[in-house]
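Look at Swiss-Prot and you will find 12, 15, 35, 38 tagged as Zn(2+) binding site, backed by sequence analysis. Annotation comment: Swiss-Prot describes 118, 119, 120, 121, 122, 123, 124, 125 as ATP binding site. According to Swiss-Prot, the feature domain 'ClpX-type ZB' maps to 1-54.
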């Protein structure tokens with residue numbers, strides 16, 4: 001029964017105990033009261049639901065096709081990587097639901113994933129989007145900050161602490177999560193030959209990562225940093241944590257192409273001639289990764305691998321406007337909160353993409369370009385009461401001294417009025 005406005009709360013809205021019986025120990029908000037015991041019960045119910053994220057979906061485990069369809073809504077292109085990831089994630093969580101064993105007692109091993117592709121091609125976004133769809137904790141780690149135990153830097157166990165934090169301290173939930181380790185190519189050995197000097201940020205880190213990636217009971221310092229002999233630690237089993245490693249692997253395409261050219265089996269002379277450096281990663285083999293500097297044991301822990309192609313101009317244009325959470329849509333709704341319409345000329349969008357290509361920053365650079373472009377306008381607009389529209393022109397993209405046009409009422413609040421060409425981006429498309 002709804003409580004009338006102004007009616008005094010006299011009991012817990014859940015268990016019915018009076019405020020007097022509870023000694024006044026209740027929390028009241030918007031006419032609803034809850035006592036400590038009911039609050040505790042609600043907390044435990046939520047915790048139980050979160051600790052079984054895979055069971056919380058009404059339709060059970062999403063199929064690989066459903067996972068790819070979800071990725072298509074958020075990530076442009078990269079069809080091969082989407083399929084590989086969708087199948088790998090589906091198999092991983094199917095394995096967990098079966099308690100790692102099949103009917104005849106066969107134990108199914110974990111298959112971690114390696115993504116190879118240039119900066120800004122979507123590696124992190126793919127992993128993050130899948131984790132969100134699977135409703136599991138997700139953490140990102142940077143391999144360049146890791147060093148071998150005993151040296152200045154970050155212990156590999158600290159990446160597990162990030163996952164525990166993402167699970168709000170629930171270790172059992174974290175044990176079903178996903179960790180994305182970026183810049184994994186930066187911990188490659190300096191050369192193929194074993195060195196007599198210590199490579200504390202290369203081979204040493206690979207060795208340290210081996211156990212937690214394949215599955216072990218790890219002890220994590222609760223405050224991060226180095227482990228101390230007398231400090232309490234958090235125990236976490238990594239057997240069911242999915243590790244996705246990614247990196248640009250600059251120069252790997254040459255290693256693949258050289259191997260193919262030297263091979264006398266499997267490729268005709270015409271096929272070899274048609275294999276370009278930018279497409280050679282399609283033929284990536286484990287031996288190429290070892291040649292690059294990853295140790296064989298580490299490569300063996302990443303049996304599933306896929307490559308991401310460098311994004312072209314058409315891809316970047318689509319990334320700006322097509323995905324459900326595209327950058328342009330985000331800025332459009334940001335301005336809409338101030339009752340201002342944000343409009344881009346078509347050639348302005350093309351100029352933004354051209355700048356990202358020139359800087360070689362991929363999709364990641366689009367946001368920083370837009371942020372710099374709209375910075376002054378976002379500062380001015382909230383103070384102008386009659387602002388109706390902001391128009392981003394090609395000139396404002398190419399010339400940092402020119403700001404986008406601001407329409408106040410029906411007049412342009414800038415001296416460089418010109419004919420406008422609006423592009424229909426279907427901002428409100430759901």
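Cβ coordinates come from backbone N, Cα and C, glycine included.
The model shown is predicted, which means the values in this text are computed figures rather than measured ones.
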Would you list the other residues of this chain near Zn(2+) - those whose C-beta lies within 8 angstroms of the C-beta centroid of 12, 15, 35, 38 - in sequence order?
11, 13, 14, 16, 17, 22, 26, 33, 34, 36, 37, 39
Going by DSSP, give the three-state secondary structure for residue 125 (ATP binding site).
helix
Give me the long-range Cβ neighbours of residue 121 (ATP binding site): same chain, 6+ apart, Cβ under 8 Å, in sequence order.
78, 308, 309, 310, 311, 362, 363
Out of the binding-site residues 12, 15, 35, 38, give me the one sitting nearest to residue 119 (ATP binding site) by CA distance.
38
Using C-alpha atoms only, work out the spacing between residue 120 (ATP binding site) and residue 38 (Zn(2+) binding site) and round it to an integer in Å.
47
Other than 118, 119, 120, 121, 122, 123, 124, 125, which residues of the same chain sit close to ATP? List them in sequence order, counting a residue when its Cβ is within 8 Å of the Cβ centroid of the site.
117, 246, 308, 362, 363, 364
By a simple count, how many Cβ atoms lie within 10 Å of the Cβ of residue 120 (ATP binding site), its own Cβ left out?
23
Using a Cβ-Cβ cut-off under 8 angstroms and a sequence gap of six or more, which residues of the chain neighbour residue 35 (Zn(2+) binding site)?
12, 14, 15, 17, 22, 25, 26
Reduced DSSP assignment, residue 12 (Zn(2+) binding site):
coil
